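Report on the structure given below.
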Amino acid sequence: MVAATVNLANMTWTSLNSNPAISFSMLSGIRNLGMLPFRRCLKPTVIGIASWPPLRCSSVKAMSSSSSSSGSTLEETVKTTVAENPVVVYSKTWCSYSSQVKSLFKSLQVEPLVVELDQLGSEGSQLQNVLEKITGQYTVPNVFIGGKHIGGCSDTLQLHNKGELEAILAEANGKNGQT
């Protein structure tokens, strides 16, 4: 699993170690070429803090040049991100509910792909609007497991308290074909 934050304003992924940065708009293309350092399993893997200049690629601002296509392009990006990563949490750094969900996953030794919306500038609020369109939920955290929308903090904690979260995580791990 990958723990990361995305900074669309600077177009780089950041996290806790010193692996190279990966541009957000390159996710689907790079992953298909086998260059993205994601392991599709529930074991912790971390991609790192930006240590070189971002590669040249189309930016979210470029993708958002027309209002009619920006929503659909961001929607495609969200759908691809959710489909290609077993656990994704759209979060805000200052949100206590987001912190609770991230702590829960950490206690389960699951490191989700974390997208910190408040660190993305205007793209963060655009992504939050796209998430509302897709899920009907505007608040964070917005949790996806195995490509399915789980809900927010209370939904995730409720699944955990009922003993159902681990089974959902195991199923998501199985979908990704690795243990």
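Every residue, even glycine, has its Cβ placed from backbone N, Cα and C.
Annotated [2Fe-2S] cluster binding site per Swiss-Prot: Cys95, in sequence order, evidence recorded as sequence analysis. In sequence order, Val140, Pro141 are the residues of the chain that are 6 or more apart from Cys95 ([2Fe-2S] cluster binding site) and have a CB within less than 8 Å of its CB.
Mean pLDDT, taken over the domain 'Glutaredoxin' (75-176), works out to 96 on the 0 to 100 scale. Among the features that Swiss-Prot reports, domain 'Glutaredoxin' is placed at 75-176.
Per Swiss-Prot, N-acetylalanine is recorded for Ala62.
According to Swiss-Prot, the feature transit peptide maps to 1-61, an assignment based on a large-scale study or a structure entry.
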